[in-house]
Structures are given as structure tokens and as C-alpha cells.
Amino acid sequence: MNLFINVLLILVLSWFLLFSGDVLIFWLLVELVSLSLIPCFFNTCSNINFEGVTSYILAVSVSSILILVGVVYAEFFYFFLLGFMIKFGIFPFFGWVYKVFISSQSWLIVWLLSSVTKISMMYIFYFVSNLNGMLIGFVVLLSMIWLSILFWLVSHNWYVVWCHMMLSSSAILFYLMFFISFNDFVSMFIIYFFWSSCVMIYLSGSMSIYGYILWLVSFPFSLALCYKIYMGYLVLSLGLIISVSWFLYSLFEQLYLIKWLVSMKVPKVLWHSLAKVY
């Protein structure tokens, strides 16, 4: 019951922050959402790893201070961006996200961090839509390169794999705010929210081969492919370098997912029979 109330509170606060007319009220609601997530660690984790909880509290505390400074003092507005970069786990501030995902071992917490807490992006859009995003672009480029490498070096469970995928989407969504229209951004976010929520349901369940193809691998008619196509269309507006880095990351991601599918889900007997046929 307590867990249900916590999740409901987070969803309600996330919805209300979109309609906050004052930026200080917006900041307050964002922090209430972050604080409301802390009890979920204790209600969903049988063996609580306090390293993950501590990392989360430290990250949201530092980001909260930076965001407030950026809100109160206009000349320090880039502190506002820096605070949200920490909160969303944008490179190089994504170490705490891995710790939280791995230590919590809870797909509910992962979903709240991956999808629900990012609803605030739609409000932030109005503050950054006309800013020069050159520095953010460099950060996103480094994110794509680093996450492409991590996909093949550090992917020992699905919490880590999803963390790679979520962080790449967060970086691109954050950068898209500087260049695309509000309607395009809302459409992209809704697709991301729906897709990520479906992936969370799938990964927390039986993980059938059909669900794997539908939600994760970019096969024809899969939701993952629809998500990648629309994001790819928007990414093209970010310039050649960012576009190439995102496409290369997506290639590495899909190669890893297909490799896992072939090595873990396809019966070895089938490969032996195919070898005999040919």
C-alpha cells in the first residue's frame, strides 16, 4: 500500500509540474518528485544496498542546489542546465545511475528514473529552446562514443544493458530541446515514454523471444524500430557529427542485442540442423 501511494504521488507531482506557472514552484515539484522516489528503495528492495541509495540522494541533492542557483540568479543560468544534466545522468554524470540500477534490482525504480522523472523535460524545453547548444553537443558526442564502448565491455545483466540504452536516449532528448519544435519534442517524448514503459514491463516479466523482437530489437514492424526511425529523423537536424555518432551507437546497440538473441534464445540444435542442410 505504501509503495502504491509513493508511485501515485510521483505520477501526480510529475503531471502537476507541467502546469506550474512559476519557475520556483516548478523547482519545488521537481524536488518533491525526486524525494518521493526514496521510499520506493525501501519498499521494493528486499536487500537494500545503501550505496545505491546514497548515490541517488547525493546526485539529486547536488542537482537541486545547482538548479536553484540557476533559477534565482539569471547570470548563473548554466547552473540550471548543469543541475538537470546531473539529474538526467548526462555524460559525465551517469555513474550514479548505474549504481542505482544495479543496487536496486527493481524494475519499478528503473522505470520511475527512466521515464517518469523525465517528464520535466517538457517544461525545461521553454528555457533552452533558443540557446546555443554547442557545448551540450560535444557532451552528447562523448556520450555516444562512451556508451558504444560500454555496451560491449560492461553489460553483465539487463539492468546495465537498459541503463546504456536509457542514458543514450536521455542525452539525445536533452540535446533535441535546443533545436526542434515543441510539438516534435512532445511527440518524441511520448513515443519514448511508451516504448520505455513497455520495455520495463517486458524485462520484469518472462522475457519471451517474441517480446524481445517487438520491444528491443529493431526488426520490421517492431516498436523499437518505430522509435529508432522517428528519433533518427529528428537527430538528422542536430548536424552531421551528432547524427553519425548516434547511428554508430545504435548500430553497436543492435548488434549486441542480436548477438544476445542468437547466443541465448536460439536453440543450438537448430544451428546444427541448419549446418547439416547446407
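Cβ coordinates come from backbone N, Cα and C, glycine included.
Summarising the annotation, TrEMBL assigns transmembrane segment to 7-30 (among others).
Only residues 6 or more beyond the boundaries of the transmembrane segment (50-69), in the same chain, are considered here, and those with a CB under 8 A from a CB of the stretch are 27, 30-31, 34-35, 37-38, 41, 76, 79-80, 82-84, 86-87, 93, 95-96, 99-104. Residues annotated as transmembrane segment in TrEMBL: 50-69 (among others).
Look at TrEMBL and you will find 76-96 (among others) tagged as transmembrane segment. Distant neighbours of the transmembrane segment (76-96): 30, 34, 55-56, 58-60, 62-70, 117-118, 120-121, 124, 127-128, 136, 139-140, 142-143, 146, 163, 166-167, 170-171, 174; these residues of the same chain sit at least 6 beyond its ends, with a Cβ under 8 Å from one of its Cβ atoms.
Panel annotation: around the transmembrane segment (108-128), residues 3, 7, 10-11, 14-15, 17-18, 20, 26, 30, 33-34, 37, 40-41, 44-45, 77, 80-81, 84, 87-88, 97, 100-101, 159, 162, 166, 170, 173-174, 177-178, 182, 185-186, 189, 192-193, 196-197, 200, 204 of the same chain, lying at least six beyond its termini, place a Cβ under 8 Å from a Cβ of the stretch. What TrEMBL lists as transmembrane segment is 108-128 (among others).
As annotated by TrEMBL, transmembrane segment applies to 135-153 (among others). Long-range contacts of the transmembrane segment (135-153) within the same chain: residues 81, 85, 90-92, 94, 161, 164, 167-168, 171-172, 174-175, 178, 238-239, 241-242, 245-246, 248-249, 252-253, 256, each at least 6 residues beyond the stretch ends and with a Cβ under 8 Å from a Cβ of the stretch.
If you look up TrEMBL, you'll see 159-178 (among others) marked as transmembrane segment. Using a Cβ-Cβ cut-off under 8 Å and counting only residues 6 or more beyond its ends in the same chain, the transmembrane segment (159-178) has close neighbours at 84-85, 88-91, 94, 97-98, 101-102, 105, 110, 114, 118, 121, 124-125, 128-129, 131-133, 136-137, 139-140, 143-144, 147, 150-151, 184-185, 188-189, 192, 196, 199, 203, 231, 234-235, 238, 242, 246, 249, 253, 256.
For the transmembrane segment (185-203), same-chain residues at least 6 beyond its ends with a Cβ under 8 Å from one of its own Cβ atoms are 107, 110-111, 114-115, 118-119, 121-122, 125, 158, 162, 166, 169, 173, 176-177, 211-212, 215-216, 223-224, 226-227, 230-231, 234. Under the heading transmembrane segment, TrEMBL lists 185-203 (among others).
Beyond the ends of the transmembrane segment (233-252), by six or more residues, the same chain brings 137, 140-141, 144-145, 147-148, 151-152, 168, 172, 175-176, 179-180, 184, 188, 218 to within a C-beta distance below 8 angstroms of the stretch. Per TrEMBL, transmembrane segment is recorded for 233-252 (among others).
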